[in-house]
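Worksheet: one structure, shown below.
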Amino acid sequence: MQLLLDLHPDQYPLDGFRRRQLLEWVFVQGVGTFDAMTNLPADVRADLAARFTMNPFREIETVRSADGSVKYLFTLHDGRQMEAVYMPYLDRKTICVSTMVGCPAKCAFCATGAMGFGRNLTPGEIVGQILAVAGGEGLAPRELRNLVFMGMGEPLLNYDHTMQAARILLHPQALGMSKRRVTLSTVGLPKGIRRLAAEDDLGIKLAISLHAPDEETRQRIIPTGHRNSIAEIMASAREYQAVTGRRVTFEYSMLRGVNDHLWQAEELAGLLRGLVSHVNLIPMNPWDGSGFESSTEEEIQAFYDALEARGVDVSVRRSRGKDAGAACGQLALKRPGAAAGAPA
Ligand code: SAH
């Protein structure tokens, strides 16, 4: 049986008017069964139900944080697990989705990196996170207007499925999201960044996890980083900008005594010269056994000031969902006895 959500809207199994009805049920009404699609004839519904499944998940658990964000833990049909995070903030509702079970990038400060790579998610398993979170929060799917590919996994290493998911998000008859409100975050893979630049119908935003301006520090905290030098990453970011005309965001998790020295702010400012960019400083979110701690508020402020003084556009990311283990870099499964990322 095929997962209906894996399909691009143009490939949906009905034609014309009926297809629009089906898409409306799935993406506007957010219903989870064919049975509920009451304006489709019973034989059409039965035929769909015989060929397609609607739900990518076997089980969904939630952990609510005091700040209002909610971690969604999904068990897939093969028993593997991954997570999404819902972040309501004032009138802005954002969802952070996963593209993989686990992650091969192994960033030393990230709990998902420590669990290793499980498998790629399918497009429907990515899109399904949005529908499930909307359902869980009592929202219509289209009320979730901001999306970041910043959950588990490296989206550019699950390239085709992530692009298919993005096209479903943006499609006017599916979720109809604005490309300006969708951001893909990557550990920094020049080939993937160039490929993304060439997807000219897409135009989603790009964030690059740089985390250090010098090779020595970057290789220490991103051990797979040696495959792509900082110079190559920056060159691909420049190309991306030349092709798309878009600002590029650089993420920088603040690790105390590791990448928060003022000379590193100076070097970072140097790297960004001539590029229209934004730097997002992320206080490091702790997890058991990470071996790193966050820079203090004062240290982050000093780093911020040093960047700002050099003309860098910079902000500090509010940390959300920390008490629910839902903040950046805390997405990992705590299931005693189960090997990380292995099927249950
Ligand atoms: N694979 C993508 C998405 C990762 S998660 C990427 O590498 O960009 C989104 C951001 O959170 C990345 O910048 C990641 O480096 C950062 N991050 C990971 N662990 C963190 C932690 N413990 N504290 C703060 N930020 C963290």
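Including glycine, each Cβ sits where the backbone N, Cα and C put it.
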Residue from Ser69, Ser185, Ser236, Ser315 that TrEMBL also lists as binding S-adenosyl-L-methionine with Gly153, Glu154, Ser209, Leu210, His211, Asn285: Ser185
Residues among the recorded positions Glu83, Ser185, Leu210 that border ligand 1 - Cβ under 6 angstroms, in sequence order: Ser185
Chain-internal residues near Asn285 (S-adenosyl-L-methionine binding site), provided their CB is under 8 angstroms and they sit 6+ positions away: Ser294, Ser319, Lys322, Ala327, Cys328, Gly329, Gln330
Which listed residue (Glu83, Glu154) has most other Cβ within 10 Å, given these are recorded positions: Glu154
Intrachain C-beta neighbours of Ser209 (S-adenosyl-L-methionine binding site), sequence separation six or more, cut-off 8 angstroms: Cys107, Ser185, Thr186, Val187, Gly188, Ile222, Phe250, Glu251, Ser253
Per-region confidence, the domain 'Radical SAM core' (89-323) (mean pLDDT, whole number): 96
Cα separation, Cys103 ([4Fe-4S] cluster binding site) to Glu154 (S-adenosyl-L-methionine binding site) (Å, whole number): 6
